[in-house]
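Written below as structure tokens is the structure these notes are about.
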Amino acid sequence: MAKLRIATFNINGIRSRLPALLQWLEREAPDIVCLQELKAVDSAFPADQLRAAGYGAVWQGQSAWNGVAILSKGDAPVESRRGLPGFEEDTHSRYLEAAVGGVLIACLYLPNGNPQPGPKFDYKLAWFDHFIAHAAKLFRSGHPVVLAGDFNVVPTDEDIYNPRSWLKDALLQPESRERYRKLLAQGWTDALRTHFGDERVYTFWDYFRRHWDTNSGLRIDHLLLSADLAPRLSDAGVDRWVRGEPHASDHAPTWIELDMKPKRAPQKSTKTKKETGQEPAAKAVQKMPAQKRVRKKSVPVGKSARATASK
């Protein structure tokens with residue numbers, strides 16, 4: 001396929017919001033979807049309804065809390081991992097990996113961490129540390145990888161309508177933000193921030209104090225791209241209309257589009273030395289007088305890091 005649309009959506013209860021999910025899938029037709037907060041056991045996952053809508057799925061459910069899934073058009077994704085390596089004592093359903101069309105998709109629901117300080121915040125940071133360690137291995141693998149999900153982190157003050165109202169929240173704590181920066185420093189590209197630049201874009205509006213009506217939102221749902229996928233980013237957005245529907249999740253589906261057309265290798269010139277009037281560089285250097293030979297020094301090119309969770 002020429003274009004690949006990948007979305008992440010904290011659905012906040014798949015059983016109660018299945019009609020909304022099916023409506024969105026029919027209208028927007030994403031190729032790959034990462035879902036968080038299923039709040040349903042494995043046996044209650046609506047695989048048949050999703051299959052009828054044209055999507056295969058892998059999922060990791062949990063009663064009342066958490067739960068993640070990866071959907072793909074047509075055949076089901078090929079699951080490669082569930083749960084973070086090195087964190088086997090974690091019993092929450094928060095992490096799932098699967099291969100879809102040659103791309104490795106990592107779906108995550110990072111702990112919220114509230115209230116902080118306290119054991120819930122400590123758990124958030126410990127989970128984040130294990131995820132960072134695993135993400136580094138994924139990045140070094142050289143495979144095309146997308147990290148997608150509800151990170152429960154507001155990366156910068158530009159990613160929230162008013163940081164003063166959330167100063168004590170776990171989503172904005174320095175420890176949370178520093179770990180997100182550490183993740184990006186591995187080389188991952190924050191797709192939404194890259195696409196929108198300095199423009200404010202939100203993915204979450206809580207149910208209180210008319211935050212949806214006043215567009216008082218936060219950006220906590222992220223899609224991070226590995227080095228080989230970052231240049232293929234062609235579009236990104238948030239399907240805000242879903243958040244405006246009755247009985248909606250407090251998140252809106254967030255998506256990116258990748259240009260997956262094969263990259264053509266530059267064609268080698270077949271012209272001869274006489275046709276171009278040029279000689280191969282190595283021979284040209286050899287013909288220079290010794291005192292005039294200049295060895296060019298390589299100049300390192302600087303890399304710019306782009307950096308600018310729910311219950």
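Cβ coordinates are placed from backbone N, Cα and C, and glycine is handled just like the others.
Residues or ranges marked as domain 'Endonuclease/exonuclease/phosphatase' by TrEMBL: 7-251.
Within 10 Å of the C-beta of His251 (Mg(2+) binding site) there are 27 other C-beta atoms, taking all protein chains into account. DSSP assigns His251 (Mg(2+) binding site) to a strand. Annotation source TrEMBL lists Mg(2+) binding site at Asn10, Glu37, Asp150, Asn152, Asp250, His251.
Residues or ranges marked as active site by TrEMBL: Tyr109.
Under the heading active site, proton donor/acceptor, TrEMBL lists Asp150. Cβ neighbour count for Asp150 (Mg(2+) binding site): 30 (other Cβ atoms within 10 Å of its Cβ, all protein chains included).
Look at Asn152 (Mg(2+) binding site): DSSP puts it in coil. The Cβ of Asn152 (Mg(2+) binding site) has 28 other Cβ atoms within 10 Å, all protein chains considered. For Asn152, the entry in TrEMBL reads site 'Transition state stabilizer'.
Cβ neighbours of Asp221 (site 'Important for catalytic activity') (same chain, under 8 Å, six or more residues apart in sequence): Thr8, Phe9, Asn10, Gly149, Asp150, Phe151, Thr203, Phe204, His251, Thr254. Among the features that TrEMBL reports, site 'Important for catalytic activity' is placed at Asp221.
Sequence annotations record features per position, and here TrEMBL assigns site 'Interaction with DNA substrate' to His251.
The feature active site, proton acceptor is assigned by TrEMBL to His251.
The region 'Disordered' annotation in TrEMBL covers 260-311.
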Out of Glu37, Asp250, which has the highest number of nearby Cβ atoms, where nearby means within 10 Å of its Cβ, if these are the binding-site residues?
Glu37
Stretch-averaged pLDDT - the domain 'Endonuclease/exonuclease/phosphatase' (7-251):
98
Asn10 (Mg(2+) binding site): secondary structure state under DSSP, collapsed to three categories:
strand
Give the number of CB atoms, excluding that of Tyr109 (active site) itself, located within 10 Å of its CB.
30
